[in-house]
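Report on the structure given below.
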Amino acid sequence: MALVLYTLFTNLDENYSDEEEHDQQATPDIVKVLALQVAIVHAQYYIIIMRLPVDYPSDLAKLSGALSAVTGAESAIAFSYSCFFPADASDGQAQTQLLGALLVPFAVIAASMIIWGASSNFYRVLSQADATLGLPTQLWVLGVIAVFILYPGWAQAALSVFACYKIDDGQTGFYPQNQKATWRHGYWVRDMSQQCYTGVHLRLYVPIGIAAVITLCFGPPLASLLLLWRRRDELGSKNVRQRYSFLYIRYKPRFFWWESVLMLEELALVAVEVFGRGLKSVTHQILVMLTAFTVISAINVACKPNRLKITALLEFMSMTVLSLTVSLSLFFAIDEGLSAADEGGCRDELGSKNVRQRYSFLYIRYKPRFFWWESVLMLEELALVAVEVFGRGLKSVTHQILVMLTAFTVISAINVACKPNRLKITALLEFMSMTVLSLTVSLSLFFAIDEGLSAADERPVGAIILAINVVLLVTFLGVLLRGTWVKLKGAALRAHNRAMAALVRRRGHRGARKAVSAGGDGAVALARPHL
């Protein structure tokens, strides 16, 4: 409730401050509202990730429980509705959990409306809002904001009705004839004693789930789209902005409907979290989740719906951190997971055959004390991508090129100062690569400064850029084929020696046969006179 009320307060405060400059510049009030929206989405995504069936450290689980309590999402770490009825059997506790997850958000909205209405009656919350917007309109805005905050929790509860897990198949494993939990549709995750799509689950919970999915999963995105589509020509008016700005203020005018896309993205992630439990391996579920985050990030970067650069930057940082969180979750799931001592890293086992076979690609090129440098390399690549993506918003292309050149220079300085590479040849190739790339960026300035180059002058500069990059690639190819070339020369030499030996043996056999033939003829000639 506190988050819903605070978000409503900041939204109304932004709408009634600096109205004349509302669409011309990023005022501190609007930046505050947009940053709050991005933070809420980040918290919602983080909670979805922490729901993966992974044995996370307790600190991560506690943070997830705290965020769940703030955003109203269901969490067994923060609390469980079934705790109020400890005497109930598993079916009763499952019913309590589901109904609580579906109905408590409505209670949160009702309580927030009561508190806001009472505060408006006793003292003026925002004088301008109270003067121009009636209490019913303010409560309507509160409801819109509350749905935005509570939507992922609703989606998770609705989809969980159809989340089933198969335990045994009666055919594989040890002693399959003794397996009992072999129901072909699996067992409900909220009550593992309840078979899916039969009995009580089919009669009671499936209809509830269908109604909840239609109403709570697809209803809010569709309602948001219809509300804004009907008023698409009036989004700049004061009346519409006061009521619905929370749904479109962070997006460019042509992407006023993007809030519906955001909800569908959240729904997709919740679906991966809920239905992914039916996969055979937790690792597969994590990889599907990572794929989903990658696709969502690609869509957001390609479409660029955000109106302000700061919002796009915050969203990009959020998705990067979330993707890294999902990726690092694999360390707690692959093989047998990590022990309590290894949750801080497995650096002491990097020399073992088992770890080397699985992860050598991540550290083999670096010195032992820099086994973690692959993460630095990824962050360096991320920095360059950020410069390329967000640098397009700079006033001049020259500025973007200079920022890119600065980034390459800083990265080169870090690599040269730290010297993480294990082999000199790798360090030399990396230095050559960064030099050629820096030269490429520097020479690109010729095409951007002033009025650029004429058609006749573009060819020499382009030829230089092409030549240095081709030479570098040929150098890389030569290093790669160096060992192969030595092996090929050795194989060719061995083949030549075997061929020459075979030829010598063949000539030797022919000479012996000729000698034998000549000796036989002489013996006959000597024998004739005695006859």
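Cβ atoms are placed via backbone N, Cα and C, with glycine included.
The annotation transmembrane segment is assigned in TrEMBL to 66-87, 99-119, 131-151, 204-229, 282-301, 313-334, 397-416, 428-449, 461-481. Feature annotation from TrEMBL assigns domain 'TRP C-terminal' to 352-482.
Counting Cβ pairs under 8 Å to the transmembrane segment (204-229), the top-ranked stretch among 99-119, 282-301, 397-416 is 99-119.
Counting residues 6+ beyond its ends, the transmembrane segment (99-119) has Cβ neighbours under 8 Å at 1, 4-5, 8, 72, 74, 81-82, 125, 135, 138-139, 142-143, 146-147, 150, 153-154, 156-158, 160, 208, 212, 216 in the same chain. Long-range Cβ contacts of the transmembrane segment (282-301) within its own chain (Cβ-Cβ under 8 Å, at least 6 residues beyond either end) map to 49, 52-54, 261, 265, 268-269, 272-273, 276, 315-316, 319-320, 322-323, 326-327, 329-330, 333-334, 389.
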